[in-house]
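Below is one structure; the comments refer to it alone.
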Amino acid sequence: MDLLQSYKDDDEELDHRHEDQNPSSSPDSSPPRLLQAKSAAPKVDGTMLALTVAKASQALSKPIDPVQHAVAFNPTYDQLWAPIYGPAHPYAKDGVAQGMRNHKLGFVEDASIGSFVFDEQYNTFHKYGYAADPSGNEYVGDLDALQKNKAVSVYNIPQQEQKRRKLQKKKENEEEGDEDVGPSMDATEIENPATDTWLMKNRKSPWAGKKEGLQAELTEEQKKYAEEYARKKEEKGGGGGDKGEPVADKTTFHGKEERDYQGRSWIAPPKDAKASNDHCYIPKRLVHTWSGHTKGVSAIRFFPKYGHLILSASMDTKVKIWDVFNSGKCMRTYMGHSKAVRDICFSNDGTKFLSAGYDKNIKYWDTETGQVISTFSTGKIPYVVKLNPDEDKQNILLAGMSDKKIVQWDMNTGQITQEYDQHLGAVNTITFVDNNRRFVTSSDDKSLRVWEFGIPVVIKYISEPHMHSMPSISLHPNTNWLAAQSLDNQILIYSTRERFQLNKKKRFAGHIVAGYACQVNFSPDGRFIMSGDGEGSCWFWDWKSCKVFRKLKCHEGVCIGSVWHPLEQSKVATCGWDGLIKYWD
């Protein structure tokens with residue numbers, strides 16, 4: 001109370017002073033001056049409070065930041081769906097968060113007019129000159145045309161109007177036709193469909209009345225070009241025709257005489273040829289080199305049972321047979337392919353053999369005379385050829401083709417008797433197992449498939465994620481195991497029993513064969529396994545311990561083939577892409 005009384009006394013004192021200073025002032029002359037009232041509350045700075053309130057109101061109006069994980073207030077619908085401004089979003093290249101996208105280029109908002117309606121009005125405006133205003137129930141453009149056409153659009157013309165227009169157009173076309181025909185034309189020409197007059201009158205398109213001019217004879221230059229084009233097309237294989245390229249079959253005998261003084265043929269095996277012992281040894285030194293091929297040698301095969309001759313297939317399109325026991329010279333050359341020879345296969349008695357070439361032909365040759373007995377082709381490249389090893393089925397030919405099929409021919413009739421079509425890639429190998437009742441095939445699809453002979457249904461399918469393509473497979477002499485050359489630089493062993501399981505305890509590695517179909521082979525007693533490699537070496541492993549026994553440097557470049565002699569247990573033949581065949585002891 002004392003404080004209030006003091007405030008009152010102060011006010012009265014101020015009033016008295018004011019009157020003393022202005023004696024002439026009166027209530028009528030000027031309004032009284034009001035002084036600021038004093039408050040007993042402490043003085044407070046409201047700047048920070050004002051800023052906080054302004055910030056809160058700004059936060060309520062601006063859109064949500066998509067980066068923040070928590071929102072401290074209840075946002076409105078407009079805030080949640082407002083477009084994003086400011087710097088680009090850190091988790092998206094174009095500044096739009098992934099959750100905000102409804103299109104591959106970002107966020108697309110709904111338009112106020114549909115695409116069909118827009119197209120309709122756009123085309124109507126360009127045709128008639130008017131269109132509906134999407135913002136209201138008005139029309140813009142040529143209002144006279146609007147009234148004349150009764151406000152139709154290009155998409156809702158009445159059916160009667162459409163019929164009327166069609167009739168009118170047809171009538172105009174007929175009138176044009178009559179004008180073209182003219183009065184001087186004969187009535188018979190107008191009615192005859194073979195004449196130009198009838199064509200002009202009854203034409204239905206801009207091209208109907210035009211007759212192609214008769215083709216004149218080709219000039220010499222044009223004839224020459226056509227012949228050259230046809231020849232090039234033939235060289236390329238005619239675009240996958242039904243048959244392979246025809247080539248004249250030739251043969252040359254290089255020996256002294258085809259029959260000796262006793263009348264025996266040059267392919268007859270020596271009578272004293274027999275195995276010296278049952279124990280095989282690893283070769284150490286080079287004994288002989290056969291050179292005669294001008295390009296790389298792709299496959300070699302010893303004469304069955306005796307091995308007194310060796311057959312070779314080369315990329316120079318030729319197949320040659322060489323003497324092993326006596327002179328060591330080339331005995332006969334077989335020329336019947338126009339491209340590189342891929343594979344060869346002897347019959348059981350060696351009197352005949354098969355050759356498969358990149359010219360899409362499979363040829364069945366007489367070994368002694370060099371005559372082609374028959375030719376087979378499906379228009380695809382054969383990668384492997386095999387005769388059925390049974391004595392009573394030597395007329396059955398199996399070929400693995402580049403079109404994923406295994407084709408079976410009866411060579412007596414020349415007809416295809418079966419097709420095994422399950423692989424997903426080109427077929428690389430065919431190996432008979434289980435007393436020739438089944439066969440195993442490998443392919444570029446990185447799988448093994450087991451088939452019953454004559455039945456085109458897979459009885460066992462082997463495909464694992466870790467498997468690679470297996471371009472060469474060989475059967476162990478005891479027929480219980482298969483050795484498969486895998487392109488991940490190892491040789492895998494599979495059982496030939498019912499389950500065809502991988503033998504995980506036997507694995508032969510150390511050589512580099514990735515990218516090359518190097519042949520794998522066994523010694524006749526089954527104690528050793530051998531393979532060429534991509535660096536020209538021949539590797540020998542012990543079958544029981546799986547350890548490397550010996551490595552021979554055989555060829556410059558790739559050592560693609562290696563075979564063990566069937567009788568002389570310490571001798572091995574190798575072939576390579578240097579065009580040489582080498583004999584090791």
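Positions of Cβ are set from backbone N, Cα and C atoms, glycine also.
Automated prediction, rather than curation, is the source of TrEMBL annotations.
Quick look at what TrEMBL lists:
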type	residues	note
REGION	1-41	region 'Disordered'
COMPBIAS	23-32	compositional bias 'Low complexity'
REGION	154-189	region 'Disordered'
REGION	231-261	region 'Disordered'
REPEAT	290-324	repeat 'WD'
REPEAT	334-375	repeat 'WD'
REPEAT	420-452	repeat 'WD'
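Helix, strand and coil counts from DSSP across the repeat 'WD' (290-324) read 0 helix, 20 strand, 15 coil. Residue counts for the repeat 'WD' (420-452) by DSSP state, with H, G and I taken as helix and E and B as strand, are 0 helix, 19 strand, 14 coil. Taking the repeat 'WD' (420-452) as a whole, pLDDT averages 92 in the prediction.
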